[in-house]
Structures are given as C-alpha cells and as structure tokens.
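Engineer: The domain 'Globin' annotation in Swiss-Prot covers 3-145, and the record cites sequence analysis as its basis. Sequence annotations record features per position, and here Swiss-Prot assigns nitrated tyrosine to Y26, Y31, Y134 based on similarity to another entry. The heme b binding site annotation in Swiss-Prot covers S46, K65, H93, K96. Sequence annotations record features per position, and here Swiss-Prot assigns phosphoserine to S46 based on similarity to another entry. Feature annotation from Swiss-Prot assigns O2 binding site to H62.
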Amino acid sequence: MVAFSDKQEGLVNGAYEAFKADIPKYSVVFYTTILEKAPAAKNLFSFLANGVDATNPKLTGHAEKLFGLVRDSAAQLRASGGVVADAALGAVHSQKAVNDAQFVVVKEALVKTLKEAVGDKWSDELGTAVELAYDELAAAIKKAY
C-alpha cells in the first residue's frame, strides 16, 4: 500500500486540469517528447503514422485518456493505497510488448508536459505526486498483463 494524501491528489488533479485547458497543444508536447526520446515508439501508436498532428482526434483522445488515468490513479491511491488497472489495458500493453524502458519514456514525457502546462505552479511536491501516481498506474498495467 502507498500513502497518498489529499494534497497530493489535489496537486495531480490541478495538473490534469491545466493539461485539459489546451489538450491539442499539450498532446503535441507529450508525443513529440516521446518520439524525441524513443523514435521507435511511433510504431506503437497507429495515430502517429503521419507524425504528431494536434488536429488528429485519436492523438488528442489517447493523450487525454492517459493523463486521465494518471489522475484516476491518484484518486485510487488516496482512497485505497493501491491502483487497479483494467484487464483490457494490460492486454493492449502486453500485445504491443511495452517494456519497462518505454514506461519510463512515457513518464518523462508526462512530467515534461505537465510541467509546461502548470508553468510556475510546478513544484517538487507536484512532480513527486505525478510520478508516484504514474508509477503505480504502470505497475498495475504490468500486473494486468
């Protein structure tokens, strides 16, 4: 079990709301960061076949879903100290053979994107809360393989 406070959940929720304020812009930041760090990741996302396009609803929809899952992870951590991922989510990641290094790249892109979204409201405490929520989500997805 992981201790996750109301304050940490609030920080993650606030970062998610900042992301939602301009989903197309921050989706581009997110996927551009992923592709800069791991160009082969382009093959994992069918909607990246023609590059990072802010007008692509699949790109923005997937980013919104992922960032929402991190927010939901924070809520689960605060409520129960653990995260449970949907079995279908585990199956998709297993089918795509997503490995630990790829989860790390996504976490780095998530943090960079949220840091840009919240601007001067970024803090070490917010970064720690986001990383913990993401790490527990990633662990739950791997467990659901």
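Each residue, glycine too, has its Cβ placed from N, Cα and C.
Please go over these features one by one and say how buried each is and what sits next to it.
Structural biologist: Across the range of the domain 'Globin' (3-145), the DSSP-based residue counts are 114 helix, 0 strand, 29 coil.
Taking Cβ-Cβ distances under 8 Å and a sequence gap of 6 or more within the same chain, the neighbours of Y26 (nitrated tyrosine) are F19, A63, T113, E116, A117.
Its own atom aside, the Cβ of Y31 (nitrated tyrosine) has 26 Cβ atoms within 10 angstroms in the protein chains shown.
All protein chains considered, the CB of K65 (heme b binding site) has 10 other CB atoms within 10 Å.
Sequence-distant neighbours of H62 (O2 binding site): residues of the same chain at least 6 apart with a C-beta under 8 Å from its C-beta are F45, F47.
Y134 (nitrated tyrosine) has a Cβ environment of 25 other Cβ atoms inside 10 Å.
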Engineer: Around the C-beta of H93 (heme b binding site), how many further C-beta atoms are within 10 angstroms, looking at every protein chain?
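Structural biologist: Result for H93 (heme b binding site): 20 neighbouring Cβ atoms inside 10 Å.
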Engineer: Return only the integer: C-alpha distance in Å from Y134 (nitrated tyrosine) to K65 (heme b binding site).
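Structural biologist: The Cα atom of Y134 (nitrated tyrosine) is 13 Å away from the Cα atom of K65 (heme b binding site).
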Engineer: Where among the binding-site residues S46, K96 do you find the Cβ with the fewest other Cβ atoms within 10 Å?
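Structural biologist: Output over binding-site residues S46, K96: least Cβ neighbours within 10 Å is S46.
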